[in-house]
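The block underneath contains the structure these notes are about, expressed in structure tokens.
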Amino acid sequence: MSKVRINDLARELEVKSKAILDALADCGVTEKKTHSSSLEADEAVRVRAHFARGSRGAGQGGSRQQNEPKPKIDWSRVSKPGDVLKAIQERNEQETVAAARPAAVPVAPKAPVSAPPAARPSAPRPAVTAAPPPVAARPAGVQPGSQPAVSVQHGAEAQKPAPRRIVPQPRQPSAVVAPPPAATPAIAARPPAAPVAVKPPVTTAPIAQQEKPAAPAAQEVKSALATGPSVPVAVSPSVVVAAAPPPATAFQAPAAPAAPAASQSAPQEAKTPAAEAPPVAPEKPAVPAPPQRRVIMPQTGPRPVYTAPPPSASPVTPRPSGGGIQRGKPIFDRRPTGNSPGGPGGPGGGYGQRPSGPGGRRPMHPTRNQPGGGPPGGRPGFNNGPRPGFGQRPGGFGQRPGMGAPGLVPPPGDTPGRPQRPGAGQKRGGRSNQYPKSKEGPMKGFAPPSRFGGAQIPTEPLPITRTITVTEGISVKDLAEKLGVRGKDLIATLLMRGVFVTVNQSLDGELVKDVARQFGADTTVISFEDQMANEAFENLLSQENPDELELSRPPVVTVMGHVDHGKTSLLDAIRETDVAGGEAGGITQHIGAYKVRINKEDSPAFGREIVFLDTPGHEAFTRMRARGAKVTDIVVIVVAADDGVMPQTLEAVDHAKAANVPIIVAVNKIDKPEAQPDRVKKQLGDRGLVPEDWGGSTVFVDVSAKKRQNLDLLLEMICLVADLGNLKATPGRSAVGTVIEAKLDRGRGAVASVLVQNGTLRAQDSFIVGNTFGKIRAMFDDRGRAIEEAGPSTPVEILGLENMPDAGDTFLVVADRDKAKGIAQYRQMKEREVQLAKSSRVSLEGLAEQIKQAGMKELPLILKGDVTGSVEVLADSLQKMSTEKVRIKVIHSGVGAITESDVLLASASNAIIIGFNVKPDRKSADLAEQENVEIRLHTIIYELQEEITKAMLGLLDPVFKESYLGRAEVLNVFKIPKIGTIAGCRVLDGVLRRDSEIRLMRGGEQVFKGKLTSLKRFKDDAKEVTNGMECGVGLNTSDIQVGDTVEAFTMERVAAELTAQ
């Protein structure tokens, strides 16, 4: 026996597989089954019967409001919405006429009426005869929900009365009486039929129900007018009379065995030929239609199922009719029969049994002219014209499985104007374009993902509505968090731009700006150093306590100026003033900052302190400003009165203005006879620094460092400008400062000079500075004395660093060492990301630059210095010396003596070690001699630059220049055995030399290039032949012709140049 899978049976019964598994025990199946198990044929029959009983029981009892079906509309008879309104108006007019007529005399019916069979064959319904009019009310004892549908047959005559149907409508309170039906119309080939005559209505007698079998879920009724579409009418549950004439070729499916007469009359009526009379339009009565109750069109109902009349020879047992969808019942069994509601040709009906012999037309799409198979013919029960009504119900159905022949299924998009109800993207019958089958088991509800993973990718740039701040080398994940989008959306956007990245990959600044603009955000890219400075200041602000006392602090002054303008002399003079005031003199300054105390009693600034920074010029000041650390409070610009304003002076002024720092101009060397202080004031006034005595706001002080003139006035003016700035600090908070200089001491390790800007720094404090951390083991002031704490504006030298910090890094005291270590590790990771971002992505421009640099010479260097400031300045200045032909590459730079590791690195990379104010130890020098590593030691930067320039020139290839000598014309060609071809020439200009190179030209093209093998004047060898003389020239070629030109030249080596010409 054939088996049926539980999944297939569940789809057939339109239930879940779990429901079938739960019902197996009730059906006598004790073996354990799963969703993919199979059932025997007899077991499947029992399961179908079980669900059929359950659906009928649910339809009659229980939740009546939920399971009771709604009345249906025969969509096959509605072509447009106007037909519905027309049918309603005609129906109302007919009802009005019927209500005005007198009651007709009841007559006996002409033919027995077959009632629809019950679900079980053992309990058939008896045949019911229809009583003649007038209209009779329904007995109160009969419930509408259990009243069966009854159809009336009167014969096959052309003028037979229309059948009567009892329409159950349980939820309508008012009673409606239908007008008398029209006679059976004659049917033409295609157009719909029209009524010919009208007969009095027929009243159906109440039916005595002997047994109450399990009826279908609901009885749905549709009335089909001969002149229009079928319209549902609100009726009363007690008195309802509906009239609907069947078509001329009406037929009836065979009734139950209890009514054999009715089953035999159906095929006879089906064979009645259609009359050839043209369709007649019905007359519309002049009686106005009274207002009727609003008609509600239901949107649910079964799919229309078409059938053909069964052959008369072998009647088929009819199946129970049912217009509504019965859940749990197989979808293939919904083929109502009989000329009753739900039967073929009737209102709301579908297909009957398909005929076994040749007959009616096979089902076809409404837009097709001919079906795919079967001979053309009239389809019983349907018009051959265009299908009236509303067309397909919203969300329509696909082709019925197993129905039709090849060519019956319309192609996709062939049916115009088929609306879809929400959520009905799937068609029945397996005809669907997108995932027609519902999956069971673990793959239930699965649908393939959309393109780009469902990413919402903006196709056009959004308007700029916000601003974000990112660091260099930000990862894709961090950028997505700042933009508020998903990481895969950002990756998809980059993919559309041709950039392939992962979620952890770093991005460069320009790409970040472009992508953020696509998502409606303006981007500010800051460096890693700026981020660390911002974090430090945020921590500073977060730790501020309004209850803490703010005190005035000493100003921090930076002295800047052009070379040889007396900057160093002025600082020495100020220091001498401090020493003359009683301080110990001759103190060697180990750090670049020191304090000066004003001890002149008659001075207004007596007892005040000023901190001077001895920084390496404007270069270090620019770096501090770029890192966001405003170390300097006041800038003193030193200008020589005899020399005037120089370019470096203007550059220092620009840096001070960019840092928004007050400027004091010290006009030095006023003791010289050629001094012109007014010229200096005019030059600086043109740059925006207008003196106070000229109506400006810039303080000008005329000083002489050599004679120590007006130095006290300069210090007093510095204190006055500081008071205007209201410089305050909070000594009670944790210390915050800036690294001025850092160096590596052999005995003490890493040493940093720090200027405390706020708070108080104490010994044993844990701190974070840049990307390193540490704990203060010892602290010294500017005079080398060990101290325990340092207040605001105090320069100190600290020990206890784990690594070397950079000049300008922010110094911040934290709670404990572990926290400082975590912050340092995080900053080191971010710094690595920045470096990777600069080197990982290779664009087309970068690739072209690499190809261009492939032919460049490279000079690798290892740079070691005494302090970090010197190393930074040297590294920048040396790299700026790179040209298009030679590029300087600093492999490693550091602070301290030259070590063995430096020598090994230089040996591996063929680099030169440059030592600035440092020397190698004995082991390092021996290793360098063994490895043939060159070490160059310097103390002056200018000498270092000159030596590097010579090394760069030595790397260039030798350059040769062609020098023209003379030209001769070939007059004759001689071929001498054992010697070769000799050209007899006359020198046209210049000279031909025996050691020169020649070029043989013919017609402006070079034929041969080489050296002269011989040069003779007649029979004698000659060293050279001058202009106008004839000679014999021997060449290492035989391709010589009369009229060729011999050009003589030499190649000279010239000095190479670093820049391209």
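The backbone N, Cα and C atoms fix where each Cβ goes, glycine too.
Reduced to three states, the DSSP call for Ile670 (GTP binding site) is coil. Marked as GTP binding site by Swiss-Prot on the basis of sequence analysis: 561-568, 614-618, 668-671.
Positions annotated as compositional bias 'Basic and acidic residues' by Swiss-Prot: 67-77.
The compositional bias 'Low complexity' annotation in Swiss-Prot covers 97-113 (among others).
Per Swiss-Prot, compositional bias 'Low complexity' is recorded for 120-130 (among others).
What Swiss-Prot lists as compositional bias 'Low complexity' is 167-177 (among others).
Look at Swiss-Prot and you will find 184-199 (among others) tagged as compositional bias 'Low complexity'.
The feature compositional bias 'Low complexity' is assigned by Swiss-Prot to 250-278 (among others).
The compositional bias 'Pro residues' annotation in Swiss-Prot covers 279-291.
Summarising the annotation, Swiss-Prot assigns compositional bias 'Gly residues' to 340-360 (among others).
What Swiss-Prot records for 381-391 (among others) is compositional bias 'Low complexity'.
As annotated by Swiss-Prot, compositional bias 'Gly residues' applies to 392-405 (among others).
Averaged over the domain 'tr-type G' (552-728), the predicted model has a pLDDT of 77. Sequence annotations record features per position, and here Swiss-Prot assigns domain 'tr-type G' to 552-728.
Swiss-Prot lists 51-199 (among others) with the feature region 'Disordered'.
Marked as region 'Disordered' by Swiss-Prot: 250-460 (among others).
If you look up Swiss-Prot, you'll see 561-568 marked as region 'G1', on the strength of similarity to another entry. Below 8 angstroms of C-beta separation, residues 637-640, 643, 646-649, 652, 668-669, 705-706 of the same chain, each at least six residues beyond the ends of the region 'G1' (561-568), sit close to that stretch.
Under the heading region 'G2', Swiss-Prot lists 586-590.
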So if I draw a 10 Å sphere around the Cβ of Asp564 (GTP binding site), how many other Cβ atoms end up inside it?
11
Cβ neighbour count within 10 Å of Gly561 (GTP binding site):
24
Which three-state DSSP class does Lys567 (GTP binding site) fall into?
helix
Tell me which of the binding-site residues Lys567, Ile670 sits in the most Cβ-dense spot, judged by other Cβ atoms within 10 Å.
Lys567
